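One structure below.
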Amino acid sequence: MDGNLTLHLANFSTLFVCMVLKFPQIFVLMRARASAGVSLNSLLLELLGFIVFMSYQMYYDYPPLTYLEYPILIAQDVIVLLLILHYNRNLKHSLVYAALFVGGWQLLTVQKWVIDLAMSLCTFISASSKLAQLQCLWRSKDSRQVSTLTWALATYTCLARIFTTVITTGDTQVLIRFVIMTILNMWVTVTVIYYKPHAVKQD
């Protein structure tokens, strides 16, 4: 009984955190009206990773509570993407990105081997998104437009998903992905704090 309660708490806390995960980043961008330090490539790779991961979970009929946050995260990432494109004066590119993502989403579940292959690459894709953000921060040495809270919350959700995966599906691919994402999210969080002016700015 205690195990079930802990599992439910982990699932619902993750879902709740993900409902607001990108809000701090959205507010920071809107306040600054600039996107310096926020990597567009990182965001695009993250979106791709989210879409692949959610499609995989749905394809194999995993419990909805283990991936319910992903539609919410995708919607929030789309808002962040539009803000970045707007502040970079590239909003017209949004239609191209939309066509590519929707088309790719449809192709993922055409054949079983396609979704399996995509999932085998998902960890690499998601890890690349974090490394792209780190590279952007190392290059700009400026994290004023990057939300520390968003990255800290992302670290928590990955830690919670390690627990829920072990208890529910035990899927090794999924578990490895969350362990790697936890480490990289923590690395980004520390880097964001390091490059904050005087390290006292709040998001």
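Glycine too: its Cβ is placed from the backbone N, Cα and C atoms.
Checking the ranges 6-24, 120-138 against TrEMBL, the transmembrane segment annotation falls on 6-24. Sequence-distant contacts of the transmembrane segment (6-24), counting only residues of its own chain at least 6 positions beyond either end whose CB sits under 8 Å from a CB of the stretch, comprise 65-66, 68-69, 72-73, 76-77, 79-80, 147-150, 153-154, 156-157, 160-161, 163-164, 167-168, 203.
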